[in-house]
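These features come from TrEMBL:
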SIGNAL    1-26  signal peptide
DOMAIN    124-186  domain 'Peptidase M15C'
């Protein structure tokens, strides 16, 4: 049987091989509609953080409702109120309640402090207990964007909503040591 060496066939074969050989961040295609297009491809440790984000939450917009439903009702109410009262401030729940495996992955990547199984500090177990969310701001094209200005607007909306609902909330952007501007947690 003769081989088909047509330009289209060669281009398709080369494209498939090239796609398999090129690092994911180099293709510019990450998540639905390039949801991570505005996230720097390499983190401050030189790692391919787009691959990490894609593994952590491949569809943050599509997974928002599930992530929101995973947290305690009073925290979910604060998120819903912040979104409802501020339609110009767009964000999704990038991470809600975590399994032990997800928590270990977040620790391995340096996204979360290590949680000892018998940790005395209850604040280190907030994601495991559904008492914390990581909120990821979105731009007008529904792409995740971690700009300080966007994160501050989300924080303002969340803190106003918490105050209005009488819920005690802590924002990771106000922490003294390692700041975590995407993190919001219920205070005991």
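Each residue, glycine too, has its Cβ placed from N, Cα and C.
Across the domain 'Peptidase M15C' (124-186), DSSP classifies residues as 23 helix, 15 strand, 25 coil. Summarised as a single figure, the pLDDT of the domain 'Peptidase M15C' (124-186) averages 95.
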